[in-house]
Structure formats: structure tokens, C-alpha cells
Amino acid sequence: MDIIIVGFGAIGKGIAKVLYDKKDYLKKNYEEFKVVAITDSSGAAIDEDGLDLLKAIEVKEKTGKIKNYPEKGREMSSIDVIKEVDADVVVEVTPSNLETGDPAKTHILESFKNKKHVVTANKGPLALCYKELIEEAKKHGVIFRHEASVGGAMPIINLAKETLAGNEILSIRGILNGTTNYILTKMEKEGLDFETALKEAKELGIAETDPTQDIEGLDTAAKIVILANSIMGMNKTIKDVKVKGISRITPEALFLANKRGYTIKLIGQIKDGYLIVEPMLVPIDSPLNVKGTLNVAMFETDLAKEVVVVGRGAGPIETASAILSDLIHIYNSTKK
């Protein structure tokens, strides 16, 4: 199976590393998963016989530009690569844009037009125009998978749509942002104020340099929109979510909650057609009371009742785990 990776930051490099590490396993159980092109904002590296993935990672880390890949590197836009390079699947992992969805939206739609399946970790297009993307994929007869867009390594979307097939999902609640969960955990355990806990999260690389989307709840809002649309058949956008972040939470509030048998968590919730992201009181003994950077999602269903999945919600290798699962699904659906 021939693959184009669009976007070669932390997640793109994570996919390359996982495909390299798993190459023997994939060849033995499926077939060779060959990366024939990698693009970033500088250009591309293209080899129809398959790029050397360790070399690609080394070039990117040393020079910052994939176009510097020896002999196979060139100045070429991602759109032109999608149009001109023969491949089965495009893995779209450019940074998420929650305002317009681009460039990822354009990359995905262009892939569909060129009869290429798509796997993405990109929240932007999914949170803004999910219905359009699904309809375009169907129109062009290609598969569109996006497990990695919510919850990193946690199999949330595929669990609900495949393992729980036949169940009606009545509600979804969860902690879907590791940065905010880490900050609240530090505030609770060590009595730190919000600013100190945020500073520590930045120093450890857990929080982004600009953590606004995380701490204001926008990242979680995008994720629950994706879950509402993909699992519960809604047609929501990020504008439909009532959002409140964690910046006003104090260690005193956490202390008082603890005294009463509760903690405070940033919860994303889909229930009765409403989408909410806000700090909520969670019982200490609740499955939703996970610590540190862990994520958790709880489904309320008509048949299986409550189903809970917990896991690492971020990280290049964890996200690559979900992308690999989607790639294998596409192989099983098209190549067998």
C-alpha cells in the first residue's frame, strides 16, 4: 500500500517512525506499507520505490525541511504532490486550524477528487465541515478515517461505531485534553495556583507555547463536535458548543470540592442534543477521575450501559497508533 504523508511535524515523524519500526510486522501480516512521498511547508521528498523513513526523519530534524532529502527532495506543494504522485492513501497531519480548517480541508478534498483514501489526525476540518467531508468521500468512492483526531491512542470513534455497533449511544462525557487535566491534577495534589501549574506544564512540554486552545476549552470543543457528528449522527460545528475553560479555577475550589468527595475536571459532554465543555464536579470514585495527562471517555448506551475507555490522549507515537489502525482498516477494506 502506497502512502503520502502530508505534514512532517511531530505527528508526521511519529507515523514515519512507527511505519519503519513495524515494517516487518506489516509485510508479514498485510503487505508492504510504503511511503512514496512526504510533504511539509518547504516542499516534498518523493520516491515511488519508497522513501528511507529514518533518513527522512534525520533530514527534517537536522535541516527543518523535507525538501533537503538527498536527490529525492524538491520544491513542490502538498496539493501538487496529492494530484501528481500515485498513491493509495494520504495521511493528513498538518497543524489543526479551528478557524478555517485549512490547509487540511483543501488537502483532504483534493485527495478525494484524486481517488485517494484519507487518514487524518486533523481536528480543524472535522470540527467545521464534517458533513461536507463525509459526502465528498462517498461521492468519490473513497474511505475517510479519523480515529486519531480525538483521544490520541484511545480507540474512541472506532469503538463506538464498530465494537458497539447496534447500541444507541445516548450520551458521551469525557476528559479529552491532557494539558488541562495535568494542570488541574497539579493544582489539586500540590495546591499550586493556575499560572504556576501552567508554567510547569509548558516547561515539561505538556502545554503548547500558546496554550489558549487547550485552557479555554476550544480543543475539547472541537473533539466533542467530531464525536457528536461521527458517532451520534449530528450535524454540529464548533460554534454550537457552550465552552468555558479552566483559567478561573483556584486551588481553594479544588480543596473544597475534595472535602465534599469531589474533584474538578474539564469535561466535554454530549447529551440530549447539547454540546458543553466546562469545569464540572466529578465524584472522587468516578471512572472520569483520571490523573495527569490521561484522557477518558464514557459512553452511555441502551444495551451495553456504561462503557469507559482510558488512555494516552496525545503524543506522536500514541497518535500514530490510531493512524496505523486506520491504515490497516483501509488495507483490509480494499486490498484483500
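Placed from the backbone N, Cα and C atoms, the Cβ positions cover glycine too.
A quick note: this is a predicted structure, and the numbers were derived from the prediction, not measured.
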Key: According to Swiss-Prot, which candidate in Thr94, Thr100, Thr106, Thr334 joins Phe8, Ile11, Lys123, Gly315 at the NADPH site   = Thr94
Query = What is the nearest of the binding-site residues Thr94, Lys123, Asp219, Gly315 to Gly152 (Na(+) binding site), using the Cα of each?
reply = Gly315
Of Phe8, Ile11, Thr94, Val150, Gly205, Glu208, i.e. the binding-site residues, those within 10 Å of Lys223 (active site, proton donor) when Cα atoms are compared = Val150
Inquiry  = I'd like to know which of the binding-site residues Gly152, Gly205, Gly315 has the most other Cβ atoms within 10 Å of its Cβ.
reply    = Gly152
